[in-house]
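Asker: Structure in structure tokens, see below.
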């Protein structure tokens, strides 16, 4: 037993130097071992290290492929080597497969999302993918032009019979007075068109429209133009739904066909309205002149007494005074009634 114990102690003492030599040789082997190129998904810091890394990966891939057996999916083989697998994916991205899957695919944008080592170059590639087809945006103006040409070829909504203007030189607007009826100036059996204006002389909107409406007979000599005071022809205003002035209606014969609903009441907008409804083009070089400012439709406000407004104010004041007097009398009666109940 003593010999066995001394033998174990001797082996332990002799084993210490051998263990130290083994550790020294291990450190030496690790120091002599070449450090592989820094890569995360085959992103190298420079081109030389990338080339060295590819050569080392190629040598390692050969025994791996031999151990896996016959040829299989190259992506399965390269999955053992992260750098080579990522190079294969980057090659597919440049071939166009990633663009079909969209930018949200992690295989396409993995490098930029991890470290952003490629810088602005990656964003430039994306912009090229986004704006690679400018022809789609250029096709829209063509479609718009086709739509405009189609609208211009549409038939007018109202087929107006143009009147004969041979021998006529003065084309003016006719204003109806209180005794005249609108139906007397419209032909119920005909298809000629007339533009009728409902206005009031004290309305500032009617006054601002007057010069533009006065110039319309010169722009459309084959059409008729009438104007009437809506306050004097209340029955006609109610019949044709005139709740506000100015109100412009287009008549074909004695039938109203269209109403002008634009807030911008100018000569140009009126020309467009008539052309869209009848298809009749206005004469060129027709503008609002100084004579149109003077008449026949007045362009200045006419100051008159509105008797209806005066009566309304008188009634309102009378009612307020009566209510005030009755309230005071009620206040005097209430205390007396309380005393009677108390007795």
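Cβ coordinates are placed from backbone N, Cα and C, and glycine is handled just like the others.
Swiss-Prot lists 86-95 with the feature compositional bias 'Basic and acidic residues'. Residues or ranges marked as N-linked glycosylation site in Swiss-Prot (evidence: sequence analysis): 170, 177, 189, 276. The region 'Disordered' annotation in Swiss-Prot covers 86-112. Here Swiss-Prot flags 1-20 as signal peptide, drawing on sequence analysis. Summarising the annotation, Swiss-Prot assigns topological domain 'Extracellular' to 21-304. Here Swiss-Prot flags 326-343 as topological domain 'Cytoplasmic', drawing on sequence analysis. Sequence annotations record features per position, and here Swiss-Prot assigns transmembrane segment to 305-325.
Could you give the neighbours, burial and distances for every feature on this list?
Answerer: Long-range neighbours of residue 170 (N-linked glycosylation site) (same chain, six or more residues apart, CB within less than 8 Å of its CB): none.
In the three-state DSSP scheme, residue 177 (N-linked glycosylation site) is classed as coil.
The Cβ neighbour count for residue 189 (N-linked glycosylation site), using a 10 Å radius over every protein chain in view, is 6.
For the recorded site, residue 276 (N-linked glycosylation site), the DSSP three-state label reads helix.
For the topological domain 'Cytoplasmic' (326-343), the predicted model reports an average pLDDT of 62.
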Asker: Cβ-Cβ under 8 Å from residue 276 (N-linked glycosylation site), same chain, 6 or more residues apart: which ones?
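Answerer: Expected: 156, 157.
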Asker: In whole Å, note down how far the CA of residue 189 (N-linked glycosylation site) lies from the CA of residue 177 (N-linked glycosylation site).
Answerer: 24
Asker: Inside 10 Å of the Cβ of residue 177 (N-linked glycosylation site), count up the other Cβ atoms and send me the figure.
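Answerer: Taking all protein chains shown, residue 177 (N-linked glycosylation site) has 9 Cβ neighbours within 10 Å.
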